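What follows is a short report on a single structure.
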Amino acid sequence: MQILRYPELIILIIAGFFTRFWHIGTPPAVVFDEAHFGLYASKYFSHQFYADIHPPLGKMLFAFFGWLGGGVTPGFDFAAGALYPDGINYIALRSFAALTGALLVPLVYIFVRELNFSRRAAFLAAFLVLFDNALIVESRFILLDIPLLFFILLSIYIFLLAEKRRIFSVKWRILSIACGLTLGAAISIKLVGLGALAFVWLILFWRKNIAIKKNALIWAAFLLILPLATYIVIFALHIALLPNPCVKNCGAMLETFSKSPPEARILMNENVYGNVLERIAGQNIWIISGTVGSSDKNFYYASPWYSWPFMVRPIPYHQVQIDETHISNIYLLGNPVVWLFGFLGILGTIYFLVKRFLFGYRIVLPKVFDSPPLFYLFAAYLIFFLPFASIAKDTMLYHYLPALLFSIVIFSVSADGILSSFAAKKANIILAGILFLALMGFLYFAPLTYGIPLANGKFLSRLWLPTWNY
């Protein structure tokens, strides 16, 4: 793709970096789960072991950006709300999430194009991702979900490139290796990344033009063994970088298991295993049990999975009372316009798929609704949404972000398919209206995204539902 031929893509890239990096140093205090992930990233500078319920790659990459920014002085406990002291280049740490958030915008564009949808559909999808407030908030702090989203979509995009190449060709091999590595990276940030692996294999079995049975071992080598090997190598590097037992500021996870000696010994990094693989296995058993097996439900801002598309319970990340009449808030709160469009995309797809399945011989549908890529996108939405119904522990609104991303793409390609049936002038007016509404939604809630002080009354006026006001 010659980028100069796509001026809309250049605009999206510039706007993506601006919205994610603007005032990234605000606030100069620990925001929400920076208390965990910032702390864990700092452990790579003291080489003290830590225990987290997620795999280590995200924290390792945050630490790498901290190292690029001059390093992080160990000893700060990253207490929520505490001001960052000298020696903690928190802007460098935050820059990793901001970079992946900025790159996610053009990645959505080229992903939609690779699915053979129009430039209009690609621009609409990227525009809605660009101006979703929740995606921006998650991009501006030391949090894992945007890097996770980036590697999920990148791995799927690379797979789409690979499966169009002649098998065993040089380009196919390079792309297949890159796909396996990025799949491993996604899984190594959060186990939710396994959804990308499931999605890739679903497409493999779905598409009849791929000789999956004939070359099953080859595909398995690149898309199963290589991601697993990547995951193991990252864990081994994580252990090698943290040879020292945890002394202090080990995070809440250590306190959780302090009364259970076997788990506590694992968290303290005591040499209880004979080799690295056994230690990796032990830690992953703990991670999986903590992710799936825990039934703890005591987090005030938790929300059930079925409520996420309606954004019933956003999460206040940071709050400062400026004076008696003004307050600064940062909320994990999406752009209601974008989330509504995404939900309408899902409802519309279900409606048209049912119509096609039951009454396909009686009605004429827009071409997009008979398109295999739309089925792939809908399957991806279900893969990243429905499994949370089986999770016993607390779930939060940010768990919906991978599914949200695919709902936005579904809406965009569906809307483009419908607009194609209109006259060009009318289609352009409708498209402009969609873009305008999304932009206005972003601007209205931007103070809660960037922590811009508001008068108390103006802040309360943005809390549309009773469950938004804490």
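Every residue gets a Cβ built from N, Cα and C, even glycine.
Heads up, TrEMBL stuff is auto-annotated, nobody curated it.
What TrEMBL says about this protein:
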DOMAIN    11-242  domain 'ArnT-like N-terminal'
DOMAIN    299-468  domain 'Protein O-mannosyl-transferase C-terminal four TM'
TRANSMEM  9-25  transmembrane segment
TRANSMEM  60-84  transmembrane segment
TRANSMEM  91-111  transmembrane segment
TRANSMEM  117-135  transmembrane segment
TRANSMEM  142-162  transmembrane segment
TRANSMEM  174-204  transmembrane segment
TRANSMEM  216-239  transmembrane segment
TRANSMEM  337-354  transmembrane segment
TRANSMEM  374-391  transmembrane segment
TRANSMEM  397-415  transmembrane segment
TRANSMEM  427-446  transmembrane segment
Folded-back contacts onto the transmembrane segment (142-162), same chain, C-beta under 8 angstroms, at least six residues removed: 32-34, 37-38, 41, 54, 58, 61-62, 90, 93-94, 96-97, 100-101, 103-104, 107-108, 110-111, 114-115, 135, 172, 175-176, 178-179, 182-183, 185-186, 189-190, 192-193, 195-196, 199-200, 203, 223, 380, 398, 401-402, 405
Cβ-based contact of the transmembrane segment (337-354) with the transmembrane segment (9-25), 3 or more pairs under 8 Å: no
Stretch contact, the transmembrane segment (117-135) with the transmembrane segment (60-84), Cβ-Cβ under 8 Å, 3+ pairs: no
Segment-level pLDDT (mean, integer) for the domain 'ArnT-like N-terminal' (11-242): 93
Sequence-remote partners of the transmembrane segment (174-204) [C-beta within less than 8 Å, at least six residues beyond its ends]: 54-58, 144-145, 147-148, 151-152, 154-156, 158-159, 161-163, 165, 210, 212, 219, 222-231, 234-235, 287-288, 291, 376, 379-380, 383-384, 387, 399, 402
